[in-house]
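Taken verbatim from TrEMBL:
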- 11-21: compositional bias 'Polar residues' (COMPBIAS)
- 30-456: domain 'Major facilitator superfamily associated' (DOMAIN)
- 1-21: region 'Disordered' (REGION)
- 32-50: transmembrane segment (TRANSMEM)
- 62-80: transmembrane segment (TRANSMEM)
- 178-200: transmembrane segment (TRANSMEM)
- 220-240: transmembrane segment (TRANSMEM)
- 252-277: transmembrane segment (TRANSMEM)
- 297-324: transmembrane segment (TRANSMEM)
- 359-377: transmembrane segment (TRANSMEM)
- 397-417: transmembrane segment (TRANSMEM)
- 429-450: transmembrane segment (TRANSMEM)
- 456-476: transmembrane segment (TRANSMEM)
Amino acid sequence: MESKGKGEQASLVSSPNSKSTLCHPSKLAFKAYFLFFYAAVGSSFPYLMLFFKQLGMSAAKAGILSGVKLFSEFIGGPFWGTVADKFRIRKIILFASLVSFSSGILLFMPFPPRNQECIETRANGTVIKTPLSFTTGEIRYDKSHEDEEQSVEDGGFLNHTGHSNFTRRIDETEISQIFTTFLVITISSQIVGSVVFNMPDALVAGFLQEGISTFGYYRVWGEVGVAIGSFVVGGVINFYQSEVCGEIVKNYFVLFYFFSGFISLAMFTLIFLKATYPDEDTNDSNLWLLVKELMRFHNAMFVVVACFLGILVGLNEFFGLWYLDDLGAEPYMLGLASGLRYTVATCGYTLSRIVIDKFGHTCTIAVCLLLYIVDYMSMSFVRNPWLGVALFSAQGFLYGTSWSACVVFGGTVSLRVGFYSATQGVLGGVYWGLGVGTGVLLSGVLINWLGVAKTYFVYSVVTFIVLVPFSLANFWNRSKDERGNSDQEYNLLAKETEENH
């Protein structure tokens, strides 16, 4: 019934640089969706960790919140991907996932801490002040506390011209309650929201089919969106600063307003996305073929390394700005670093086709691992915030190139066994869910134990340990294929010689 249209579509996308298809509506829809959705991600994700930090949460608690959100993709991604393929409802699943995902972030808004106290110590007395909210930076004075803590010697009068020391007192019980509330919200929203990152990639993979190596041309618009979102929000945050408890703080609360606007545009764009399905019916036997294909040694090794790449991204993506903040980076530097990282990632996506076509997706991953070692080792010794910004941004190129290679790997598997959404669900679940989720959780624990700099050093050493067997396995597999081809050519030559005699 749709076989003709699908065949025409396959030929259409096989030449992405063709002038006649540059403005194809389906192509524009995918690019617009990536732009708006990842603008929402860029306006929220880089600053959520700083928002949690400002609330008074430790790195471990902030890591758990972000890690659980991502770890759910490892479970939900393959399941919802299989459901979407089997019942041909990819767009419906994606819309439900968007609603659930956005709700899980916006519901962080109504729960600011209300019991934190600011203790101001002067030469002639002590005053306890209660910050009204970090969303405005205004300070509310609790008169009962002030009266109780005023110095008796001064007769209730404080010299406001004297030198003051400020100490922020955090109500740990309240922070634990907020953390528990956020954790429940996160888990609930991710039941359906777990495929919000994987499903668009699956839609593009199904649309491109044999032209999967051009995936980076579409996904690059996501990085443009992230750069726009993070840079704009960083700039706004830089202007909305105020003094709270003797220090200049940023209003990270504004990220929620930008997030809601961008995610609404993404939902509207979803209407115009095209879902392409294989002609044959998907069934359990196809799914079993997918499992067997991924269980092959070379493919299984690739999936494991994809998981590890996600772990590396988890550290830099969620704690990179945290580290720059510790190094003394100004607010505009944090916004610049975030924007530059995603701008550099666009170069990775744009150049990924050239690199992958020339060297293959496996060699591309190996080189990315090697460069990760250099980048993270350098991050562990950096002390200048500007140098930290440069190293943080450079990681974006490795992320864009390596993830494109992972999607190309998933696309080649899908061409053999079908199940585009299920394949990308498994791969995305392993990379974003198990990988990035584990990376955030593990990084939070290691940072509490070792500090950020030593955590980067540990990751660089482990990356070297992973790179060695992966490279050896790839070399062995290529040698095996070459030997097989040589044996096949020898047998053909021997057969021809025998026939001639």
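Numbering starts at 1 and runs along the chain as displayed.
Just so you know, glycine gets a Cβ as well, placed from its N, Cα and C.
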Same-chain residues near the transmembrane segment (252-277), Cβ under 8 Å, at least 6 residues beyond its ends: 6, 9, 25-26, 29-30, 32-33, 36-37, 39-40, 43-44, 47-48, 50-51, 54, 85, 88, 90-91, 94-95, 98-99, 102, 105-106, 108-109, 112, 134-135, 200, 203, 206-207, 209, 225, 229, 232-233, 236-237, 240
Mean of the pLDDT scores, which run from 0 to 100, over the domain 'Major facilitator superfamily associated' (30-456): 81
Other parts of the chain folded back onto the transmembrane segment (220-240), taken as Cβ under 8 Å at six or more residues beyond its ends: 31-32, 34-44, 46-47, 137, 250-252, 254-255, 258, 262, 331-332, 334-336, 338-340, 342-343, 345-346, 348-350, 396, 400
Residues from the same chain, set at least six apart from the ends of the transmembrane segment (429-450), whose C-beta lies under 8 A from its own: 58-64, 66-78, 194, 197-198, 303, 306-315, 317-319, 322, 403, 406, 458
Stretch among 32-50, 178-200, 297-324, 359-377 sharing the most Cβ pairs under 8 Å with the transmembrane segment (62-80): 178-200
Same-chain residues at least 6 beyond the ends of the transmembrane segment (297-324) whose Cβ lies under 8 Å from its Cβ atoms: 45-47, 49-50, 53, 59, 62-63, 66-67, 70, 333-334, 337-338, 341, 362, 365, 368-369, 372, 376, 379, 385, 388-389, 392, 395, 399, 402-403, 406, 409, 413, 426-427, 430-440, 442-444, 447, 452-453, 455-456, 459, 463, 466, 470, 473-474, 477
